[in-house]
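Read the structure below first, then the notes.
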Amino acid sequence: MKIVLANPRGFCAGVDRAISIVERALELYEAPIYVRHEVVHNRFVVEGLKQRGAIFVEELHEVPDDNIVIFSAHGVSQAVRKEAKERALTVFDATCPLVTKVHMEVARASKKNIEVVLIGHAGHPEVEGTMGQYASDSAGMYLVETPDDVIKLNVKDPSNLHYVSQTTLSVDETADVIDELRRVFPDIQGPRKDDICYATQNRQDAVRDMASQVDVMIVVGSKNSSNSNRLRELSEKLGTTSYLIDCPEDLKEEWLTDQAKVGVTAGASAPEELVNQIIEQVKAFGGTAVEELTGREENMFFEVPKELQIKTVS
């Protein structure tokens, strides 16, 4: 049984930056360091940071006074920022810069009293943070997930409308929603550049290229990872039986029985160390040669905050 590796796969620049922020804060300021929400949606990463002294909370009231708090890569609402400022908490912001770009689009529209439609999944922390950038009382912001949601949308002024999207969605499904928005609201405006992040796009393209070459697809990622779920869904849509797994123990031997080729990819929050562990498990179930496909080269890099760039405390 041949193992075929997607390329690119795994960590993106935003995830790298977010994890580095927590690691450097622990190095410079020592434990405990509080993190609002899982810094990235990967159980392996979160457990590793917990062992080093990071404490993950869902709300700021769980952070004691006079402590450091890190905002996760998914971003937070303006209300959360205001609360942190009022409590004089020391904040390091691990929000992905590509999410921040969407936040700025929403904030600009809000100041101009332009209504905004966000394409995204209800309940996802990125969506909650993005919705929380809108402050206009005279206009409104709306969340849609499917073309059917667009049909039901009742906006105040169809001629004064802008759309943005969650950064980790399915490229194809988002395009379908945008097409419906433009059909129903011909005057709607959108971002100059697609909000779907480069890493989400590249990993979906890699799965698209690989799905027809393998008999079964293993996607490495946590159940709460939006971009990992989209990879599994895309592979299934392309006709390849696919599974999302969090760790080597999740892999079932019967999935690989009588399969000639197994594809392996990973969501943007899954580390290569975990991918390697899962490859070893595939080998234990009969995997032999490993082939890594060629793919789009990624050289994106995001700096950590300057306060965390020093190596030692002076």
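Using the three backbone atoms N, Cα and C, a Cβ is placed for every residue, glycine included.
Here E126 (active site, proton donor) comes close to H74, G75, V99, G120, Q166, T167, T168, S226: these same-chain residues lie at least six apart in sequence, with C-beta atoms under 8 angstroms from its C-beta. Among the features that Swiss-Prot reports, active site, proton donor is placed at E126.
The Cβ of C12 ([4Fe-4S] cluster binding site) lies under 8 Å from the Cβ of C197, Y198, A199, A268, E298, M300, each of which sits 6+ residues away along the same chain. In this structure, C12 ([4Fe-4S] cluster binding site) belongs to neither helix nor strand by DSSP; it is coil. Residues or ranges marked as [4Fe-4S] cluster binding site in Swiss-Prot: C12, C96, C197.
Residues or ranges marked as dimethylallyl diphosphate binding site in Swiss-Prot: H41, H74, H124, S225, S226, N227, S269. S269 (dimethylallyl diphosphate binding site) falls outside any helix or strand according to DSSP and counts as coil.
Annotated (2E)-4-hydroxy-3-methylbut-2-enyl diphosphate binding site per Swiss-Prot: H41, H74, H124, T167, S225, S226, N227, S269, in sequence order, evidence recorded as sequence analysis. Summarising the environment of S269 (dimethylallyl diphosphate binding site), the number of other Cβ atoms within 10 Å of its Cβ, over all protein chains shown, is 32.
Sequence annotations record features per position, and here Swiss-Prot assigns isopentenyl diphosphate binding site to H41, H74, H124, S225, S226, N227, S269 based on sequence analysis.
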Pairwise CA distance, S269 (dimethylallyl diphosphate binding site) versus C96 ([4Fe-4S] cluster binding site), rounded so that it is a whole Å:
12
Taking the residues the record says bind isopentenyl diphosphate (H41, H74, H124, S225, S226, N227, S269), how far apart in Å are the two Cα atoms that sit farthest from each other?
15
C96 ([4Fe-4S] cluster binding site) and H124 (dimethylallyl diphosphate binding site), Cα-Cα, nearest whole angstrom:
15
N227 (dimethylallyl diphosphate binding site) to C96 ([4Fe-4S] cluster binding site) - Cα separation in whole Å:
14
